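A short worksheet on the structure shown next.
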Amino acid sequence: MVTSIKATVLETIDMGIDHRNPKASQQGGTALDDNEMHRMGKIQEFKRNMRPLAALSFASVLQATWEYLIISNYQGLENGGLAGMFWSYIWTFIGFGFIIASLSEMASIAPTDGGQYHWVSEFSSPRYQKFLSYITGWMSVLAWQSGTASGSFLTGTIIQGLISVRNPDYDPKGWQGTLLVFSMVLVAYIFNVYASELMPILSNILMILHVFCWVVILIVLWAMSPHRSAEAVFVSDWENIGGLPTMGLSVMVGQISAIYGCLSSDACAHMSEEIKDAGKNVPRAMAWGYFINGIMAAILLIAYLFATPSVMDSLNDVTGFPFLYVFKQATNTAGVNGLTVIILLPVIFSNIMFNASTSRQTWAFARDKGLPCSRWISKIDPKRKIPVNAIALTCTFSCLLSLINIGSDTAFNAIISLNTAALMYTYVISITCVIWRKIRHPDTLPVRQWDLGRNWGLAVNIIGLCYSVFAMFWSFWPGELPVTVENFNWSVVIFGAVFILSLIMYVIKGRNEYSGPAVDVKHED
C-alpha cells in the first residue's frame, strides 16, 4: 500500500483554485479543501475543526476493534472454537486491509461525507451511475444505521449481563435489555447534539483511554487468568457447536465475529467535510487507524483465547456473553464489574462517534435527494452547524432495530450480519466501479494525495473486491442448525426488504428527483 504525494501537481492545483465557494475557507478548510469541494460541486456546510491527530483518534476510537472483538465473539467461538476464532481473525484482518487501501484511495479522490454512493456515481459508467449510486446509497444508509444500532445494543445488553453477575437469581428479559439499549441511544443523542464542538478534543482524549483500557485488560488476562496451551489455541481447539454439516462450513459462518470487529474502518470518510485537508488526512486516518486497531486486537485476542478455559462453558454463561465468563475465571465479582466498565467506556464513546459518522452519511445522501423527506433530513442547525435531524433519525432507527431483541434470542447476530452484508455490498459496488474506471478511463481520475499506483493499485482493488464478495456471502448464513424462528438470521429478510424498497423508491421517486453526485462533478479540461 504505497502513498505517493504528487507535490508539484497539487501545488499547481492549489495556485489555480477558483474560490467560488467562500464558505469553505471561512469554515476552516485549506485551499485544497476548497478545490475539492468545488470540483465535487458541494457547498461547505460544516466547520472543518478536525486536525490529523483528531481524525486518526476518531477513526481508531470509533472502530474499537479490540473492544468489539472481545465482547462480541459468541458466534466465532460457537462456530470455530479457539483456533477458528484466531485464524478467522488473521485472514479477516489481511482481507480487510485490501478493502481499506481501496477505500482510502477513493476517499482521497473524493473526500465527501457521502462516501460509497458518491464514489459509485463518480467512477461508474455515466449510463448506469444514477441507478447504481441510488441503490448503493440506500444500502450504505442501512449498513451504517444497523452498525450504530449494534453498538447501542451491545452496551445496553452487557449492562443487563452485569446485573446477572451481581444477582444470579435475576431472570433477564428481552424487553428489559431493549430499554437499556434505549438509554444508550439517548446518551449518543445528547453528546452528538449538545457536545458536538468537543468532538476533536474528545477524540484525542478517548484515544488515550482506548490504549489505556487495552493495557489493563491485557495485563489482567495474562497475569490472573488460567491459561490454555498454545496447541489448543492455535491448532487443536476447533468447535462446531452450531451443528453445521462440516467443520469448514462452521468456521466460515463463525468468521462473522472477526468481520464485525474489522467493520467501519471507512467511518472517517463520512466525516470528510469536517476534517482539515481531507484529501490527505482522511485516507491516512483510515489506513493507520485500521492498522493500529488491528494489531492491538490481535494481541488481545491471543491473550483472551489463552484465558478461556472452556468454550462450551463460556457460551453457556448465564449472562450470554463469553467474555464475562472469562473475566469470572480471572477475578471476583467486583473485578468482573470493574473490567467490564473498562471495556464499556470506550465502547459507549465509540457508539457516540458511530452516531456522528452515520448521521453525516445519511445527511449527505439526503442532500443529494436520495431519501424520502430529504429536505428535512438534510437540514443543518444554523447555530451548531450539525445535522440535528439526521442525528435524531439515526437514534430512532437504532431504537426500532433493537426491538428485534424482544422476540429473538439471536437478535444481535442478525443485526451484525445485516451491518456486514449491507456494508460489503457498498464495498463491492464502489470498488468494482473504480476498477472499471482505472481500466477503461484511467486518465480521467483526478490527482490524489493517496495514490496506490496504476499497477499495484489495480491489483489491490481486485483483491479487495474478491474479499468483499466473500465476506458478504457468508454474512447471510444461520449460525445454528436446525433453523428455527428463534435462531433464524433475520438479516437476509431485512436486507432483501430494504433492497426491494430501494428499487421501488427509485422507480417511484429516485429516477425523477435523484441525479447522482456525478452530475455536479467538474472535470478538468
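Cβ atoms are placed via backbone N, Cα and C, with glycine included.
Here's what TrEMBL has on this protein:
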- 53-74: transmembrane segment (TRANSMEM)
- 86-110: transmembrane segment (TRANSMEM)
- 131-154: transmembrane segment (TRANSMEM)
- 174-194: transmembrane segment (TRANSMEM)
- 201-224: transmembrane segment (TRANSMEM)
- 244-264: transmembrane segment (TRANSMEM)
- 285-307: transmembrane segment (TRANSMEM)
- 334-354: transmembrane segment (TRANSMEM)
- 386-406: transmembrane segment (TRANSMEM)
- 412-436: transmembrane segment (TRANSMEM)
- 456-476: transmembrane segment (TRANSMEM)
- 488-508: transmembrane segment (TRANSMEM)
Open item on the list: At a C-beta cut-off of under 8 Å, are there same-chain residues at least 6 beyond the transmembrane segment (386-406) that contact it? List them, or none.
Closed with: 46, 145-146, 148-149, 152-153, 156-157, 174-175, 177-178, 181-182, 185-186, 188-189, 192-193, 196, 355-356, 358-360, 362-363, 366, 376-380, 412, 414-415, 490
- [ ] Run the contact check on the transmembrane segment (488-508) against the transmembrane segment (86-110): 3 or more C-beta pairs under 8 Å, excluding pairs closer than 6 in sequence.
- [x] no
- [ ] Can you tell me which of 86-110, 201-224, 456-476 gets the most C-beta pairs within less than 8 Å of the transmembrane segment (244-264)?
- [x] 86-110
Task: Whether the transmembrane segment (334-354) meets the transmembrane segment (86-110): three or more C-beta pairs under 8 angstroms - done: no
Open item on the list: Could you check whether the transmembrane segment (53-74) and the transmembrane segment (174-194) come into contact, where contact means at least 3 Cβ pairs under 8 Å with the two residues of each pair 6 or more apart in sequence?
Closed with: no
- [ ] Count the Cβ pairs between the transmembrane segment (86-110) and the transmembrane segment (201-224) that lie under 8 angstroms and are 6 or more residues apart in sequence, then report whether there are at least 3.
- [x] no
TODO: Count, for each of 131-154, 201-224, 456-476, the Cβ pairs lying under 8 Å from the transmembrane segment (174-194), and report the range with the highest count.
DONE: 131-154
TODO: Give residue numbers and ranges for long-range contacts of the transmembrane segment (201-224): same chain, 6 or more residues beyond its ends, CB-CB under 8 A.
DONE: 50, 53-58, 60-61, 64, 66-67, 70, 195, 296, 299-300, 303-304, 306-307, 326, 330-331, 335, 339, 342-343, 345-346, 349, 353
